[in-house]
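Feature list (source: Swiss-Prot):
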- Asp488: active site, proton acceptor (ACT_SITE)
- His121, Cys132, Cys133, Cys143: Zn(2+) binding site (BINDING)
- Leu375, Gly376, Ser377, Gly378, Leu379, Phe380, Gly381, Val382, Val383, Lys397: ATP binding site (BINDING)
- 4-111: domain 'PH' (DOMAIN)
- 178-238: domain 'SH3' (DOMAIN)
- 246-344: domain 'SH2' (DOMAIN)
- 369-622: domain 'Protein kinase' (DOMAIN)
- Tyr205: phosphotyrosine (MOD_RES)
- Tyr227: phosphotyrosine (MOD_RES)
- Tyr518: phosphotyrosine (MOD_RES)
- 113-149: zinc finger (ZN_FING)
Amino acid sequence: MNFNTILEEILIKRSQQKKKTSLLNYKERLCVLPKSVLSYYEGRAEKKYRKGVIDISKIKCVEIVKNDDGVIPCQNKFPFQVVHDANTLYIFAPSPQSRDRWVKKLKEEIKNNNNIMIKYHPKFWADGSYQCCRQTEKLAPGCEKYNLFESSIRKTLPPAPEIKKRRPPPPIPPEEENTEEIVVAMYDFQATEAHDLRLERGQEYIILEKNDLHWWRARDKYGSEGYIPSNYVTGKKSNNLDQYEWYCRNTNRSKAEQLLRTEDKEGGFMVRDSSQPGLYTVSLYTKFGGEGSSGFRHYHIKETATSPKKYYLAEKHAFGSIPEIIEYHKHNAAGLVTRLRYPVSTKGKNAPTTAGFSYDKWEINPSELTFMRELGSGLFGVVRLGKWRAQYKVAIKAIREGAMCEEDFIEEAKVMMKLTHPKLVQLYGVCTQQKPIYIVTEFMERGCLLNFLRQRQGHFSRDMLLSMCQDVCEGMEYLERNSFIHRDLAARNCLVNEAGVVKVSDFGMARYVLDDQYTSSSGAKFPVKWCPPEVFNYSRFSSKSDVWSFGVLMWEIFTEGRMPFEKNTNYEVVTMVTRGHRLHRPKLATKYLYEVMLRCWQERPEGRPSLEDLLRTIDELVECEETFGR
């Protein structure tokens, strides 16, 4: 075994059947787990040929497969699954001890991944469906809650030591296991419950436990301990940019320009992620452009080909780290239009939402809610602006009696609360102990995207519209990655906050509607104009039906809020779409943008791109005008 290898063993893998025509077979493979990948080889250790490799960062779930004494057609009878990208690898171990060892080690390796599934399928995919829930789509959302940290591994007794042999001494534990994890707070956080810990921006904290993806136990410099939101802190490492005020992680070119323009300060700047993974861009504002007018410049941070590599904005001034570049150009323009004078950031201004108001808190006491003005009404009832504990602004949906399948929703709400992303409207909790039930969510100041577009027609640039598409696609890609289907994506179900960020709302809620006019494809309220053929014909929802709806949403955005097929009835739309008719190209959309929409409207689901592919395409379009930097 190689020194860097964690595990190495001959196991049996089942073919992943990535294509419908692929045969189902079971093959013996040498499985090797180093630090960054899971590889499997044909042959033995002496002479082996790699047949496959899975990047550890792409793994979303590792778990034992529940088989209920079903027939396993190979000699190894102890299965576990590795879910990665859009595939599931089933592996069969020769003993329960072997299986437990692999599952435990793999879980340890993926514990810091940001794509861990919320629900998974505990049983095999076989004969065209999952044996646990009988869903027939391979990408169907999981049916059982998945908690990476609640291990299902059985504790097995160690083998009895041989009497005549002396037991070897235990291995010396590696030093790094005892090192403390120190993080830095990026935002202030006020403790709302006794078990919470207050965060002060810029202060350091020691992490004690990570038993929940969204809430970690920590200790401050005074010795106080409690739970903190994990998205409010970042690791204290010299190469971690999150700790710097000038770094804005989730900011595209259009939003960067908007922030810089709002600050309106000479030399205002920020560092943000480039559309090319692993690269960064410096966005810079000057009031005195080349011809005396204000303007923006976007400079790519380049890397040298030397070892160790260096970074630079101006080739003559290369440094060993990005913070060193920024520090240098704060004092020297050196080829830039102006010095980096004033860092512009969202840190400290707009703290991200948290998964609930506190750790393990999803039931909200209605006496803690203050009701204010009405915001609107929808399928489920009236929505009002309110406050929680007279401090935090929230939106409160009062569920009209008979409008929702309440028992099913309450159970699902616990899972939905753990869906947290900057481009999703956060569910904070529910009030279920009285009637009507209340759903408490993040408040979005500018209301629904559809009205936002219609009220400001003629005032949007193409960049601004594309940025809206990017926001929605980021939220939808997160749902896809977590095997969660929206089912009713449209401009009316997206909201806009004060900063102009668009977030996806009401994801998954369509499942709980009891109104036949909305749930039946023949009903007058059924959203036919946003649905692909497999939905209005067979009610087959999947992430690929969400892709179709996303294409229609793009059309809504680039028509500034027009109704799709506005002159046609639902019945006429079904006939037209079935015959291959598609929405026309909006005037504000380029030919290439319209081609992206048409890809979303392919008749067969497998012909449509994934939301991950769409996001990559849109990211490239957003950044395509960045031509500065030499």
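A Cβ is built for glycine as well, from the same backbone N, Cα and C atoms used for every other residue.
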Residue from His121, Cys143, Tyr227, Asp488 whose C-alpha is spatially nearest that of Leu379 (ATP binding site), among the recorded positions: Asp488
Distance from Tyr227 (phosphotyrosine) back to Tyr205 (phosphotyrosine), taken between C-alpha atoms, in Å: 11
Helix-strand-coil residue split for the domain 'SH2' (246-344), DSSP-based: 21 helix, 29 strand, 49 coil
Zn(2+) site shell beyond His121, Cys132, Cys133, Cys143, criterion: Cβ within 8 Å of Cβ centroid: Tyr120, Pro122, Lys123, Tyr130, Gln131, Arg134, Gln135, Gly142, Glu144
Per-region confidence, the domain 'PH' (4-111) (mean pLDDT, whole number): 84
For Cys133 (Zn(2+) binding site): intrachain residues, at least 6 apart, with Cβ closer than 8 Å: His121, Ala140, Cys143
Within the zinc finger (113-149), residues counted as helix, strand or coil by DSSP: 0 helix, 8 strand, 29 coil
Neighbours of Leu375, Gly376, Ser377, Gly378, Leu379, Phe380, Gly381, Val382, Val383, Lys397 excl. site residues, C-beta within 8 Å of centre, ATP: Ala398
Nonlocal residues around Val383 (ATP binding site), in sequence order (Cβ under 8 Å, 6 or more apart): Glu374, Leu375, Gly376, Ser377, Ala395, Ile396, Lys397, Ala398
Integer Å distance between the CA atoms belonging to Gly381 (ATP binding site) and Tyr227 (phosphotyrosine): 34
Residue pair Asp488 (active site, proton acceptor), Cys132 (Zn(2+) binding site) - Cα distance, angstrom, rounded: 26
For Leu379 (ATP binding site), the number of other Cβ atoms found within 10 Å of its own Cβ: 18
Composition by DSSP (helix, strand, coil) of residues within the domain 'SH3' (178-238): 4 helix, 27 strand, 30 coil
Residues satisfying Cβ distance under 8 Å from Cys132 (Zn(2+) binding site), sequence separation of at least 6: Lys66, His121, Pro122, Lys123, Cys143, Glu144
